[in-house]
Amino acid sequence: METAAPVVLPLAPSPRVPRHVAIIMDGNGRWARQRGRPRTFGHREGVRSVRAVVEESVRRGVGTLTLFAFSSENWQRPRAEVTVLMELFMTALRGEVRRLNDNDVRLRVIGERSAFPEKLQHRIIEAESLTATNTTLNLQVAANYGGRWDMTQAARRLVADVQAGRLDPDAIDEQALTQRLSFPDLPEPDLFIRTGGEQRLSNFLLWQAAYAELYFTDRLWPDFNDAAFGEALDDFARRQRRFGLTGEQIETLTAVSA
Ligand code: IPE
Ligand code: IPE
Ligand code: MG
């Protein structure tokens, strides 16, 4: 039976270029081990892939890129590896920020940053303020981030707003929660990439990725270059996103909006 109800899609039907790409940068340790080197060597090499993906995003017109650099769970790794990751974060911030700024990239860090060394927290604030007015690419680095953490802190903000009388509990809807997550001003991820061969979310953007297209590749993160990223973008461009509708409905809608 045909229905005349207006169709509301959560995201644009099939933009050829994703507005937001989220990436789990996985496989550094294995990449290094394959070369007989310590895992941390892979993390250092991984910075090159970050540069490649950022620059390709600018070239291809991706407006927002979110990179998973360190999860809430990664603190449980050997202490020496965690230390190197923190140092690498510091040096990358020092070394890359000027270049990001020249490319009109706005950098933001999402995650529970109070757990980081104070020097690192300062450097993050400096980098964020230096690039705050840039608009070509929103680059978000997820550090000490977890999807459950994000939802929990949003829930806490909801309760605080209710207690302060700013919010009626009956008015709590999906949007009210979304607005209290880490990046309420940016579009939801259209494309969710994981390198390194595993097919799991590992507590990344759980709420925001509800309708993201998933793309898994066996390529380890240090081998993920601009061409590999381009392949993922091309794959995305060929997909039909249906958001619960039928393929025919989507074709009609796409034809109307083209
Ligand atoms: C991803 O690579 C980087 C971080 C989690 C910090 P891994 O370090 O997880 O590399 P593999 O998965 O062990 O190869
Ligand atoms: C996810 O990778 C986190 C980051 C890439 C920063 P992990 O390597 O930590 O994920 P699991 O442990 O394989 O699920
Ligand atoms: Mg891993």
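Glycine is no exception: its Cβ is also placed from the backbone N, Cα and C atoms.
Feature annotation from TrEMBL assigns Mg(2+) binding site to Asp26, Glu213. The 10 Å shell around the Cβ of Asp26 (Mg(2+) binding site) contains 23 further Cβ atoms across the protein chains shown.
Under the heading active site, TrEMBL lists Asp26.
The substrate binding site annotation in TrEMBL covers 27-31, Arg39, His43, 71-73, Trp75, Arg77, Arg194, 200-202. Secondary structure at Trp75 (substrate binding site), taken from DSSP and collapsed to helix, strand or coil, is helix. Cβ neighbours of Trp75 (substrate binding site) (same chain, under 8 Å, six or more residues apart in sequence): Val82, Ala115, Asn144.
What TrEMBL lists as active site, proton acceptor is Asn74.
A Cβ distance below 6 Å to any atom of ligand 2 is met by none of the binding-site residues Gly27, Trp31, Ser72, Trp75, Arg194, Glu213. Checking the binding-site residues (Asp26, Gly27, Gly29, Trp31, Arg194, Leu201) against Asn74 (active site, proton acceptor) with a 10 Å Cα-Cα cut-off leaves nothing. Counting other Cβ atoms within 10 Å of each Cβ, the lowest count among the binding-site residues Gly27, Gly29 belongs to Gly29.
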